[in-house]
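Novice: Found this in Swiss-Prot, in case it helps:
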- 32-52: transmembrane segment (TRANSMEM)
- 56-76: transmembrane segment (TRANSMEM)
- 104-124: transmembrane segment (TRANSMEM)
- 147-167: transmembrane segment (TRANSMEM)
- 216-236: transmembrane segment (TRANSMEM)
- 256-276: transmembrane segment (TRANSMEM)
- 310-330: transmembrane segment (TRANSMEM)
- 390-410: transmembrane segment (TRANSMEM)
- 418-438: transmembrane segment (TRANSMEM)
- 503-523: transmembrane segment (TRANSMEM)
- 608-628: transmembrane segment (TRANSMEM)
- 638-658: transmembrane segment (TRANSMEM)
Amino acid sequence: MADPAGAGGEQEAPSVEAAFAGQPPPPWWQQVTVRAVAVSVVLGTLFSFMAMRTGLTAGFVPSFNMSASLLSFFIIKSWTRLMARCGVASQPFTRQENVVVQTCVISCATLSIYGGFTSYLLAMNETVAKAAGGGTDGRNVYTLHTGKIVAFLFLVTFSSLFCTLPLRNTMIVDYKLIYPSGSAVAGIVNSFHTPKGATKAKLQVNAMFKSVAGSFAWAFFQWFYTGGDGCGFHAFPLFGLEAYKEKFYFDFSASLVGVGMICPHLINFSMLLGSISSSGFIWPALQAKQGEWYTDPSPTSFKGINGYKVPMGVSMVLGDCLFQLGAITVKAVQHYRKGRQEQKLAVDGAADDGGGGCVPDDDDENKWHATYDERRRNQVFLSDGIPDQFAVAGYVALAALSTALVPRIFPQIRYHHVAVCYAVAPLLAFCNSYTSGLMDWSLATVYGKLAIFVVGASVGAASGGVIAGLAACGVMMVVIGDAAELMHDFKTAYLTLTSPVSMFASQAIGTALGCVVNPAVFLAFRWLAGAEHPPGDPRSAYAAPMAVAYRGIAVLGVEGVGTLPRHAIALCAACFAAAVFLDTAGAAARAARWRVGGWVPNPMAMAIPFFVGPTFAIDMCVGSLLLMAWRRADRQGAATLAVVVASGLICGEGLWTLPSAVLAMLKVQPPICMKFLSRSQIQEVRQHFVLGAADIQPAVTLTHHHHQ
């Protein structure tokens, strides 16, 4: 008998296409339906809002693939049932249409990240320039008009759809790359369209709606206690008032707790470690050196303490990025060489055997079924071809158009810089798509950061090198990142018998939707934040840590390290070395299968608190702890519902920002201020109380605001 584990792995494949044998896939034009596009508009806007809000607050954006698949299934399934009850005939809801909606939604939401609204575009404005310090002169500050943002996105994003399109058959059919995210989405969608999977989906939708309602109600309840500066649950000094001054407190944010439930525990606790090491030890030590190492007291100047904070964080980010780039490149080369050797051995073996032979154990039937599934998928995937000439012509035309027009949007960048970016992007996109297919890890942001250094340094500070570098980063990130996302979607299409043409069309629709929706969502966040503390301001609810990091990278690339305060270069070198050491230690431990390998801190996550402080790290660690407790109590329930409950927590609090903004616009103020005070402030508090003032020893004060 064959090994049971191995047999199970083989038997999983035939159960998929055998279950759908009586449901031939519809032609591609029946997969991209009007109702699919309509649902995509609604869900794309919702998930863009969630992704951008998370990026503006925490810096890390979790994957919403499962939630998008679930909600698209639920909405269209409910729609078809409603039409049936009303006696209106409607097209059957297929898994192919489900994949089309999911692809449109994620394509739209992904642009909130790759589009730069939480990173390189936001890093161009004056608010982030002041927060990061350095490079604040006129040529290195640029506030984009919404129309220019839309034009830039349309120019750059559509070229990414053509970049690696001719390689889809090579990557998926020939190399058989896994593309873990794409495969996972396919597994989810295939399961939804079976009776057992539909029951599970209904349970998950109910849990998500309850989570959304609970998160919204909690945010509404908290609003009543925010009647003043520093009031409410979001300023709860969990670790004491001294720690509160260093931003060590729990702010009861349901959305950040939800993000913590989705993000890996390693990321969350790495951020906590970075928070403790920076705010607890490094910053107090540097503050004690004021007057000796630096004299500028401004907290945002590169001549002051910010000349240590931002460059040290940037050094850790770059150390981690360069290590990952080298490590993944080595793995990709090894995997490619191994695959070529196996193909050669297979050809030689077939020649020696005369092309015949049979398998001498009882895995024959399973392998035949696996071959059937593979043949069926290959047949559908290869039947609807997109001509390679169309892809090449589309990329060349859009690259030429972008080369001519992007410098008109960003006058600081030259035509030849854009042309070089488009010339090298296909090669880097292939490398990124290949490695993403192996390890589900996109290096688009790494290539973008390298573009900042190269282009920024070539332009120079006097000519606006900061803006030029950030613009080049945008071109590289969007083209390379979206090209890898498209390959994940093609893998989903392959495993669900969805036509590649409909997949390309849904990507184009989602991309066009994202180019319009995301600028509008960003405008909404600017309106919600207000003119006093706009996005990117350290005091804003949307501090945008990655925008500060990208700005710091651009300033360092243009101005060099010679402008930094005393000993800053040595500290940056130490942070860079620490990042490389941690990555090396983690890789070695995982290779040796040591249990500690999964708990070596992640340098990228450790660096985030260097830019915005430790507050959100506390919330995300609470999310990890809640998930650990849930898994201990009910592992199966946590595996089924944790992601959707977390998505509901993120969505519910995010939805509350809209009515709260309307209340603020109508000048409706919260009635109560809940504030935490030290004993030294008691005398001031007593002046506002009449009864029992002599006996009051509070640590918390509740004050009612009366409206006349």
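Glycine is treated like the rest: Cβ placed from N, Cα and C.
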Novice: With a cut-off of 8 Å between Cβ atoms, can you find at least three pairs linking the transmembrane segment (418-438) to the transmembrane segment (390-410)? Only pairs 6 or more residues apart in sequence count.
Specialist: yes
Novice: Could you name the stretch, out of 216-236, 310-330, 390-410, with the greatest number of CB pairs under 8 A to the transmembrane segment (608-628)?
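Specialist: By the under-8 Å Cβ criterion, the transmembrane segment (608-628) pairs most with 310-330.
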Novice: Looking at 104-124, 216-236, 310-330, 503-523, 638-658, which one has the highest count of Cβ pairs under 8 angstroms to the transmembrane segment (32-52)?
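Specialist: Selected stretch: 104-124, with the most Cβ pairs under 8 Å.
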Novice: Could you check whether the transmembrane segment (216-236) packs against the transmembrane segment (638-658) - three or more CB pairs closer than 8 Å, residues at least 6 apart in sequence?
Specialist: yes
Novice: For the transmembrane segment (256-276), find every same-chain residue at least 6 residues outside the stretch whose CB is under 8 Å from a CB in it, and list them.
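Specialist: Contacts with the transmembrane segment (256-276): 54, 57-58, 60, 62-63, 211, 215, 248, 598-603, 605-610, 613-614, 616-624, 626-628, 642-643, 645-650.
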Novice: Can you tell me which recorded stretch out of 147-167, 310-330, 503-523, 638-658 has the most Cβ pairs within less than 8 Å of the transmembrane segment (390-410)?
Specialist: 147-167
Novice: For the transmembrane segment (147-167), give me same-chain residues lying six or more residues beyond its boundaries with a C-beta closer than 8 angstroms to one of its C-beta atoms, as numbers and ranges.
Specialist: 111, 115, 121, 386, 388, 391-392, 394-395, 398-399, 401-402, 405-406, 409, 422, 425-426, 429-430, 433, 474-475, 478-484, 486-487, 504, 507-508, 511-512, 514-516, 518-519, 522
Novice: Should anything in the same chain at least six residues away from the transmembrane segment (503-523) have a Cβ under 8 Å from its Cβ atoms, list it; otherwise answer none.
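Specialist: Cβ under 8 Å, 6 or more out: 28, 32, 36-37, 40-41, 44-45, 48-49, 52, 99-101, 103-112, 115, 117, 146, 149-150, 153-154, 157-158, 161, 165, 386, 482, 486, 489-490, 492-493, 535.
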